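Below: the structure, in structure tokens.
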Amino acid sequence: MENRWQVMIVWQVDRMRIRTWHSLVKHHMYVSKKARGWFYRPHYASRHPRVSSEVHIPLGDATLVVTTYWGLHTGEKDWQLGHGVSIEWRQRRYRTQVEPDLADHLIHLHYFDCFSDSAIRKAILGQIVSPRCEYQAGHNQVGSLQYLALKVLVTSKRSRPPLPSVTELAEDRWNKPQKTRGHRENPTMNGH
């Protein structure tokens with residue numbers, strides 16, 4: 001019998017990102033109660049030796065499963081000590097993998113308050129707009145002009161601790177170009 005391989009997308013992440021993700025998920029499941037219905041499975045409850053945890057997030061009749069791994073092959077850099085995360089959408093027998101931005105958007109649609117459809121009309125009429133958007137990570141890219149106007153109109157209240165973002169968990173912060181603050185040009189290279 002031949003070996004059969006199954007390929008999945010696993011985002012390489014830093015071990016500290018995974019620890020932060022676990023603590024945020026547990027806080028919002030057990031303390032703030034904003035993540036009602038979420039299910040956390042620790043490493044010892046999994047039969048797979050490389051799975052360090054699973055978070056099952058119900059989305060209607062589907063489920064989003066965020067699985068973190070350890071003991072994978074190391075990456076190109078020393079800090080990539082074989083830790084990774086995969087994000088899977090499950091509905092009955094159908095399964096597919098999703099990107100972190102889409103996962104955040106789906107979580108936002110099902111769990112956290114955002115501006116209602118009538119908020120734009122209320123803002124134009126000068127009425128009080130509520131609720132405010134709690135989960136900023138669910139709005140990927142720039143957002144619509146109406147959303148940006150509402151965001152300016154209604155001051156957002158920062159939640160402590162922040163809500164768990166799958167995009168931030170899978171973000172590659174080492175390969176991004178660094179931003180330099182306050183230096184418009186190099187003073188030694190401007191010809192003077």
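Numbering starts at 1 and runs along the chain as displayed.
Each residue, glycine too, has its Cβ placed from N, Cα and C.
These come from Swiss-Prot:
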- H108, C114, C133, H139: Zn(2+) binding site (BINDING)
- T96: phosphothreonine (MOD_RES)
- S144: phosphoserine (MOD_RES)
- T155: phosphothreonine (MOD_RES)
- S165: phosphoserine (MOD_RES)
- T188: phosphothreonine (MOD_RES)
- 14-17: region 'Interaction with host APOBEC3F' (REGION)
- 40-44: region 'Interaction with host APOBEC3G' (REGION)
- 54-72: region 'Interaction with host APOBEC3F and APOBEC3G' (REGION)
- 74-79: region 'Interaction with host APOBEC3F' (REGION)
- 75-114: region 'RNA-binding' (REGION)
- 151-180: region 'SOCS box-like' (REGION)
- 151-164: region 'Multimerization' (REGION)
- 163-192: region 'Disordered' (REGION)
- 108-139: motif 'HCCH motif' (MOTIF)
- 144-153: motif 'BC-box-like motif' (MOTIF)
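In the predicted structure, the region 'Interaction with host APOBEC3F and APOBEC3G' (54-72) carries a mean pLDDT of 85. In three-state terms derived from DSSP, T96 (phosphothreonine) belongs to an extended strand segment. Between the CA atoms of T96 (phosphothreonine) and H108 (Zn(2+) binding site) there is a gap of 19 Å, rounded to the nearest whole number. Look at the region 'Interaction with host APOBEC3F' (14-17): DSSP puts its residues at 3 helix, 0 strand, 1 coil.
Sorting the region 'Interaction with host APOBEC3G' (40-44) by DSSP state (H, G, I as helix; E, B as strand; all else coil) yields 2 helix, 3 strand, 0 coil.
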